[in-house]
Each structure stands twice: as C-alpha cells, then as structure tokens.
Amino acid sequence: MSYLVTIIAFIIVFGVLVTVHEYGHMFFAKRAGIMCPEFAIGMGPKIFSFRKNETLYTIRLLPVGGYVRMAGDGLEEPPVEPGMNVKIKLNEENEITHIILDDHHKFQQIEAIEVKKCDFKDDLFIEGITAYDNERHHFKIARKSFFVENGSLVQIAPRDRQFAHKKPWPKFLTLFAGPLFNFILALVLFIGLAYYQGTPTSTVEQVADKYPAQQAGLQKGDKIVQIGKYKISEFDDVDKALDKVKDNKTTVKFERDGKTKSVELTPKKTERKLTKVSSETKYVLGFQPASERTLFKPIVYGFESFLKGSTLIFTAVVGMLASIFTGGFSFDMLNGPVGIYHNVDSVVKAGIISLIGYTALLSVNLGIMNLIPIPALDGGRILFVIYEAIFRKPVNKKAETTIIAIGAIFMVVIMILVTWNDIRRYFL
C-alpha cells in the first residue's frame, strides 16, 4: 500500500509541476498570438487526449517532462509542396478549410488537386490542376484551416501566428513564463502552508530532549526576548541571533508569567543537508515555536520562506555548475525521476504538509534549473532571444535548431546517466 501511495503522490507532484510550467509557456504564447497545436504532459506514446479550440491536450506515458508545441518553433516544413496530389475541402466562400493528405478521413464533397504552387505562411493559397475539370485553379486558404493526416487535424499557422516571427519581447516572455509560473506556484504553496500552520513566534511551544533549551529550563509559554546582545521580536530574529552567536556560551532572556528572566546556555551546532553533496551549518536552542494565525503575517512569512528556499537552491545550482570546472562534479548532485520518486517516498511518510513543502522547493528547483543557459532549456533559448534583441536580427534558424538539437541530445544523455546513477544508489 505504501508503494501505491508513493506512486500516486509522485504522479501528482510531477503532474502539477510540469502542468504549471508548460501552462506558463502556453499562457504567454497565446497572449502573443502564437498558435499552440499541442500541450503535452509526459513524453512518449499518447495515452489520453482531447482537443479544445486549436490546441490538442495530451497525457503521455513517460513522466520525464512535458512540452508546448508552438507553431514556427523549429525547422518543420509544410507537408505539402508543388508536385503533390492532395484533396481539399472548400467552404461556402470557395476557400480551403482542410487539406487532406491520405485516405484516412471521413470528409465528403472534396476535390482532388495536383499542387503547382502553394504558400502556407504569407499569401495562404494553393494553385493547381483539379481532377474534375483538368484545369488550373487558384484557391485561397481560409484563416482557420487544417492539414488532415491519419485522421488527425493540424491547424495551419500563418506567419503572424508563428513563434519565430514574433518580436523579441513576446518571445522572451513566452520562454521565461515557464520558470516564472514555477516560482509563482512555490510562493503560493509557501503562503498556503503559512496560513494553514500559522507563522512561528518567539514563544516556546515545546522543548526537545537533551537540547540546550531543555537543559537550561525553558518551558512551554516562555517568550524569548533577547539572545546575547540581540533583541528578539519574532522567530526569524532567533535564527539570525544564533547565526551570530554560534556555539558560544550566551545569555538568553525570556518572559515567563509577566516577569523577565535569563539563563546561560550554549547553542547546539547542527548540519542540515541541502543537496547530496552540500550542507548548511545551523545553531539551535532546540525548541518548537508556538504559531499564531493573523491575516497578513503568513503572506510575509511565505515570501520569506520562498526567498530562503530560492537562495539555498540557487547557491547549490551555482556550486554544482562551478564544480564542473573545478573537478568536484558528481552525478550525486543531480536527481532524475527515480531520485525524485525516492525523495517523495521519504517525504510522504512525514505527512501531507511535508509533501507540499517539498513540492514548493521542487518547483523552485525546476524553475532555476530551466534557466541554466543550455540550448535545450529555457535559459539557453532566452540567450538566442537576447542576441536577437541586441543585434536586431534573429540567429540563423538552421544554426539555432542544430544547436538546440545538440543541447537536447546532451540533456537526454545526462538524464540517462542520472537515472542510472539513481537506480544504482537507491535500488541496487
């Protein structure tokens, strides 16, 4: 049963993170007028799909990512060229609404035509010899029209609906929106947790066994007002003061029953693991703070938690990238789907609150990792847009696509190595 719970939790966490990320791309793409033929969660064979307006929404078998397919985002060429024989369906204005490429269709009242000239981006037309009269005709293509192949519809995208022909600013927003929506999701989750749990205060709720707070006699209800020379008004002040005092003997002042008292104690040094190869040193008194529920404090605390988590993850990512050049890199620094599954298994056992917190941190991590300037990632593609904005011309499309393809192959190789490393460490 525990395996089933972990699998369900993993699918939900993965699905939420990828859906939010890809929806960010699609939201800004559609606002910019870019056609999005497909919105996919997962990779590989399609297991479920439905169409809404011009977008096909699909869920695919392998939980290793997702994508939004945008018109003009690659070197794809129209499937029709001069010399081909196709069938066309016309509307009442004698405009082409469907270009049928095979016999796997149910359309009636269609015309067969041998294509002589065609344009699917600017002038939108097909010119050719029709079978019914063996004469040459010129047909305009309707603004909303489709290629039909194997029973599937692919909408034709005019030039002004293609990603490649948009200005740098909407391109940048479309690419940056994926990570941005991950950051927004994390922020919402942190704020939601703060509202649910309350914001921590400097009042003691519970002391931990064999920690300085218990050994010094602190009790439930004691309100800490000073550590060393540092005044305390909220729980964050406790952490800041202890970071400065470290594990040196210090005086702690607290209020109990309306009276101010003081004790001397030595904070305990602890190590908190951030990643598989890095950790953070913390100094603690060993007490659980009481929480309070107010209207606005959870928003502030949620922002602070988001900034702290983002800073820690950003520092870890920068350290990982630096280690590539300093010789300290290890695949243990990275987590693939198998590693994330293992982490979810551990977090689920701690409860739903821990799972939500982990999801928030994972969302931040996904956003930051996608901004790394590797061609296949959002960060690498943003570099191409910055180049276009500076030099007032886009990178050669063939060169850009080749570089992105190389980056994609690199990422696939890395993913395979990381996945094997995770399997070896966790299951072998």
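Keep in mind that glycine also has a Cβ here, set from the backbone N, Cα and C atoms.
Taken from Swiss-Prot as is:
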type     : residues : note
ACT_SITE : E22      : active site
BINDING  : H21, H25 : Zn(2+) binding site
DOMAIN   : 186-269  : domain 'PDZ'
TRANSMEM : 172-194  : transmembrane segment
TRANSMEM : 309-331  : transmembrane segment
TRANSMEM : 352-374  : transmembrane segment
TRANSMEM : 401-420  : transmembrane segment
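Features recorded in Swiss-Prot, as mapped to the structure shown.
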residue : record              : Cβ within 10 Å
H21     : Zn(2+) binding site : 26
E22     : active site         : 21
H25     : Zn(2+) binding site : 26
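Note on the transmembrane segment (401-420): residues 64, 74-75, 331, 334-339, 374-377, 380-381 of its chain, located 6 or more positions outside it, place their CB under 8 angstroms from a CB of the stretch. Within the same chain, residues 9, 13, 16-17, 20-21, 178-180, 182-183, 185-186, 189-190, 192-193, 196-197, 305-306, 309-310, 313-314, 317, 321, 340, 343-344, 380, 382-383, 407, 410-411 sit at least 6 positions outside the transmembrane segment (352-374) and bring their C-beta atoms closer than 8 Å to a C-beta of that stretch.
H21 (Zn(2+) binding site) falls within a helical segment according to DSSP.
Across the domain 'PDZ' (186-269), DSSP helix (H, G, I), strand (E, B) and coil residues number 27 helix, 32 strand, 25 coil.
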